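Working notes for the structure below.
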Amino acid sequence: MVDSLPRSRLAIAVLLAVLAGYIDGIAFIYLGGYFVSFMSGNTTQSGVELAGGDLAAAGFGFAVIVAFVVGVMAGTAIRSPRRDRSWLLLLAVAAITAVGAALASAAPVDPNAVTGSALLGVAPTAVCLALGMGAVNTVFSGRGGPSFGITYMTGALVKIGEGIVGALRGGDRTGWLRYLALWLAIAVGAIGGAISYAAFGTAALWYAAIFAGGIAAVSSRVRASRGSAPA
């Protein structure tokens, strides 16, 4: 879990949370209310659309969910049980995010008009971004170490609440702060994504791809400094 991560890995987790929030903030606006990392939200949204008879919107949401799961599968396949390949996984995330950015730039849309059949125009971008976010959630999986999903913020909030009560009862006074850092990171990322989208439109996704590449470089450097230990 997060409270057992060394500081170097915690720093990478925080950076990835910022990245996820940034991309999801952009996607939420660009896709007219759908997410690429928050699948609980998409499940609810799709269920509501299905109940309302909008099969296209419901199908879009479920397609994004499937893409996310496929991204998790791909990330798991890239990772090795014997060697740390976080840097390679993050390079793949950077690449698929860049593809999503290119697709979005080639087909800009009015977020207010992204409904029903119009969702088909943004579907390729949504799929690419969801694939990347699914893969991001596998960075801290496997190799026998602490395992958790970067974008599982509901779980992080639960840990914050539990940690505060534990601290008041005389337990660990600071462990919950790590979960707070992750929640703040994804919130800051979402704010940054919304601001960037307002300023640059879909071109803001290129910054996400560059940022993901930078995190890959940091992960590789940390891994090298720790020898064979995961970064």
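The backbone N, Cα and C atoms fix where each Cβ goes, and this holds for glycine too.
Whatever TrEMBL says is automated annotation, not expert-curated.
Listed in TrEMBL for this protein:
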- 12-35: transmembrane segment (TRANSMEM)
- 55-75: transmembrane segment (TRANSMEM)
- 87-106: transmembrane segment (TRANSMEM)
- 118-140: transmembrane segment (TRANSMEM)
- 179-198: transmembrane segment (TRANSMEM)
- 204-222: transmembrane segment (TRANSMEM)
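When the stretches 12-35, 55-75, 179-198, 204-222 are ranked by Cβ pairs under 8 Å to the transmembrane segment (118-140), first place goes to 55-75. Tertiary proximity for the transmembrane segment (12-35) is limited to same-chain residues at least six positions away from its ends with a CB under 8 Å from its CB atoms, namely 2, 5, 41-42, 45, 60-61, 64, 86, 97, 104, 109, 111-115, 119, 122, 125-126, 129, 132-133, 136, 139-140, 150-151, 181-183, 185-194, 196-197, 202, 204-205, 207-208, 211-212, 215, 218-219, 222, 231.
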